[in-house]
Amino acid sequence: MELTREKVLLLTFLRMQYSHILPDSIENRVISTEAPEWELDKSLQDLLIHDYDYSKTSFSSSPPIVANDTVSNVRKPSDTKQVNGAGGQVNHSRAEDSDYATSDLSESSDVGDDDNSCIFSFSKVPMQKDVASIKEEERLDPKISTLNNIDAIANLKLTNMVESSQAVNLTSSKQSSINQQSSVSTDYDDLRSISEESFHLSQGEIPLTFPMNSSLTDTEADAVVAVDALFPGKQRGTHNTVNKARSVSNAKAPTSALRALLEHKENSSQNGPLAENFATFSGHAESNALRLNIYFPSSESPSKPLFVELRKNVLVSEAIGYILLQYVNQQLVPPIEDEAQNPNYWNLRIVEDDGELDEDFPALDRVGPLSKFGFDAFALVKATPAQIKENQAAYPFKSKHPTSIPEANNKTHIRHTSSTSSQSQKQAQDVKDTLNTSHVVQVRLPPYGDNARFCNIEISKTTRLAMVLNQVCWMKQLERFKYTLRVAGSDTVLPLDKTFSSLDGNPTLELVKKKVRDKKGSTQQLPTSSPQNSVYGSIKKDAQSSTYNATDIMSSNTYQEFLVWKRQPVSFMGRHERLLAIDGEYVHIMPSESKNIFETPKTSSIHAGSIILCKQSKKSPCNFKMIVSKNRETKRYDFEVLSALEAAIIVSRIRALMNTVKKIN
């Protein structure tokens, strides 16, 4: 490193003791000394060669600067007397009294000339004060002590806020972190402004006041009282101000009856029946949770979905309850009435890719698992009055909290009723209780015999037999469209649209395959207790009106073949050429003759009874989809053809086959 005159001059000055401090302000204090000779700085050159680091030296009462023996006219740090110019004013000063030194070169001269002197001016280089000097100043001037206490309070608050901000969770969002940092920065600016204003208290320029909504601690209040005592004649915060601020911060805001009612309603929604029954179905803590987008066609934003996370094995009815809970908690618009906060009032439907409701697909089976449908987007729609009545009868749910009604004064309000009306009301209540009473029905599973298995289902008298069949097939992992119900020990097949109250007593039911029913073709009648809900006519009518059978379809020339492309977005190719064949009751998806190396020769045969939906796309008429129920789950097939007309023909043929098989079964 090259040693220049300027570097030697600066280093020589830093190794000197402070002397000749002028009595000016902090920013204008000047330190003067005589410049050393160039030839006498060999020791300084050696010091620079060894790279001496002054920044690592700890400060005590004065900077660690030792005067060089080669430098002349250098005074030790002690009380000095200095005569300022022609005025002859004598000033006493110490090196420790300097808060700042300056670093501005005001005058320069030839370093080699001994007669010339150099004056340096340094600005805002902080030096550490002696603790003894600070205590001495506070003892002589109580005002300084009070101001230092206020600064200490501000610094303590700032330290606490910084420590609390460091404890913020690292996984919080970026916006949350920015808000917390801005809050800390705002509080810091407020405290620094209070600290800066405190320096002007001695001049009476700024009154010391605290906002009325701020919360003062005991230490802060004592500091305000101390400042008021120091400056009694000027406009300051008085004891009454502190006491008033304390009373305002400790007092409770008045609460109106309307606000209390709204808070009670909000707490009721968070702790109501929805939260009690469906909050446990959240899949937020599970890795394999169902992550769905739920659309609300009746809301103000029907195209904006609500993201929910559900457990993997949740049922459709349970998913509806949890979705309603999230709708209420997030306060979406319009709000749902208390009576409608009931899963029986709603249905879950499948939507298109753009979120529009798929009108061709019916409401999802409430007793089945939601995961079997294989979709990630659904729509929550209002059920019809008939569906609400049916769901409420099968699965009663109370959507309201029991409200406390003041009891009437029997002494002043007496209601006379006749014996006839009271008796009729009692009979109606007994009938209602009987219908709502739960029963356990036994369903025998094939194969039948002495070692036959049974499945117990808890139902009510108003439960439809279709719900019983759905629940049995769900519990035993069976395909619902292949089975039906009959009374045990008979060949009478039960219509699934009737209720359990249409049966006499509590008979044992049997689960039977539909093909067995078709072979026997029984039309036996079942005795019932209610003529209105009798199943005689329905069974005989179905047997007489059913002119289709499986042999007619199989014997007819119904084989058709179409060239389609199966769309697979996840695949490397994007789409694969396939042959879609309609043969009897089955739809076959076969590989085409022009196979490539990425395809495997695999044929999928789908029964028409397992096809849930077949629909042509509205946005892309050349595309159509087919949804199939298989092994308690649903699978979706997306196909593409050359023209919209060909897609319409395929969809119409598959739908006709679905209707034919449905009439037979």
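Glycine is treated like the rest: Cβ placed from N, Cα and C.
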- Task: Quickly, which of Ser109, Ser185, Ser404, Ser605 does Swiss-Prot have down as phosphoserine? Just give the residue.
- Result: Ser404
- Site from Ser43, Ser121, Ser165, Ser490 that Swiss-Prot describes as phosphoserine, others unannotated there: Ser490
- Task: May I ask you to name which of Ser58, Ser133, Ser545, Ser604 Swiss-Prot has annotated as phosphoserine?
- Result: Ser133
- DSSP three-state assignment for Ser502 (phosphoserine): helix
- Going by DSSP, how much of the domain 'SIN1-type PH' (558-659) is helix, how much is strand and how much is coil, in residues? 19 helix, 49 strand, 34 coil
- In Å, rounded, how far does the Cα of Ser502 (phosphoserine) sit from the Cα of Ser490 (phosphoserine)? 17
- Taking helix as H, G and I and strand as E and B in DSSP, count the residues of the domain 'CRIM' (255-392) in helix, strand and coil. 52 helix, 27 strand, 59 coil
- For each of the modified residues (Ser490, Ser502), count the other CB atoms lying within 10 A of its CB, then report the residue with the highest count. Ser502
